[in-house]
Structure formats: C-alpha cells, structure tokens
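First up is the structure itself, then whatever we jot down about it.
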C-alpha cells in the first residue's frame, strides 16, 4: 500500500495516518522526519541537505525527491509507505511523477474550513501537565481552569484563530491544487495514476478511520 494523505491543517491527518500505517504495516514518512534522519545518518544526500539548511536556505525539490527515493528503497518500505505532508506543491508532484515513484492511492480527508477553525481555535491546554481541553467538545469543569490544579488554561499560538486562518490560506494556495492535480490524473490515465479517494473528516475518530480503510479497499 503506497499512498499520499492529503488534507488541510487540523483535518486529522496525523491521527488517521497512525491507524492506516498500523493496518498495512507501513511507515509514515514526512519530509521533516526524513530530512532529520538523513542528516543524522550522514548519507551523502543528508550532508547536502544539512549544508543547505545550515545556510538558512530551503531544500530544493530535486534534493527532496532524491531523499524520497532513498527512503522508500529501505527495508521497512517493502509493503509500502504513507506520505504525510508531501508532496506540498504541484512542482513536487510533477517531480515525483517524473522520478517514477509509484503510488496506489491519494486519500484526501476533507473538512470544511469553518469546522477546522472551530476545532483548532477552541483548543486549550494546561502547560505544566500537557492536559488538553476544548471549549466546546471537551470543556474543563470550570471555564478557563485546569480540572486537577485549577490553574489557568492557555491557548497556544498555533491554535489562535488568525494563525489557523493564515495556515489555511497557505494550504489553499499551495497544497489544495494537488487535490485537483491527482483527481484529474486519475480521470485521464486510470491505469497509470494512483486512485484518488476523498472522505469526510467530520464525525468521530472511529467513523473517519472506517471511511479511510473502506476507501483504500475499493
């Protein structure tokens, strides 16, 4: 099972990726983890990536694609792999296609932006313990206070509404076009292209997992 998981920030990709990887016995590969592992291992590509990052520059798509090819050739990818957060852009998708990286599925977890904003901006946390709450879905017993200590809860910078909206804007302009890219490719070249599937990311975690696994069994 070789697949790409697409979806906006806050759509629940990380949670579903864990279930899918467990079901199929495949690793979850993110470019960040892949880069860190290559740098740590000191491979020639890892050394190139380190030099670029140390200079404060972005790693080129060519180098990323070469790292991807190196990563998916490893033994733990014998049964496949799940790409999380890659490709991010059309040029990266084109480069992956040109490099002959074969995929079985592209699975999109679709959640309306207003639901994502509500989901993320309602999160509150107790920094000392790591306990998390949600003002609507999992509220503390006393508003704004941790259930155990009574200490004030905080909203992380990443969860503030304006931050969430900015991240969704970036997703809309850079990554959302990939949905159309893979959908169009699947319609045009059904035999060569990965199967494109979209599922709703609304509802319970269990419901979404069932939808995801059913889509990957089609």
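For all residues, glycine too, the Cβ spot is worked out from N, Cα and C.
Within its own chain, residue 123 (ATP binding site) has 132, 133, 134, 155, 156, 159 as residues 6 or more apart in sequence whose C-beta sits under 8 angstroms from its own. According to Swiss-Prot, the feature ATP binding site maps to 10, 11, 12, 13, 14, 15, 123, 132, 133, 203.
Feature annotation from Swiss-Prot assigns AMP binding site to 31, 36, 57, 58, 59, 85, 86, 87, 88, 92, 156, 167; the stated evidence is sequence analysis. Summarising the environment of residue 31 (AMP binding site), the number of other Cβ atoms within 10 Å of its Cβ, over all protein chains shown, is 19.
As annotated by Swiss-Prot, region 'NMP' applies to 30-59, with the evidence given as sequence analysis. With DSSP classes pooled into helix, strand and coil, the tally for the region 'NMP' (30-59) is 22 helix, 0 strand, 8 coil.
According to Swiss-Prot, the region 'LID' annotation covers 122-159. Counting residues of the region 'LID' (122-159) by DSSP class, helix then strand then coil, yields 3 helix, 12 strand, 23 coil.
Look at Swiss-Prot and you will find 127-151 tagged as region 'Disordered'.
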Average pLDDT across the region 'LID' (122-159), rounded to a whole number: 96
Least Cβ-crowded entry, counting other Cβ within 10 Å, from the binding-site residues listed as 12, 14: 14
Cβ neighbour count (within 10 Å, all chains shown) around residue 88 (AMP binding site): 17
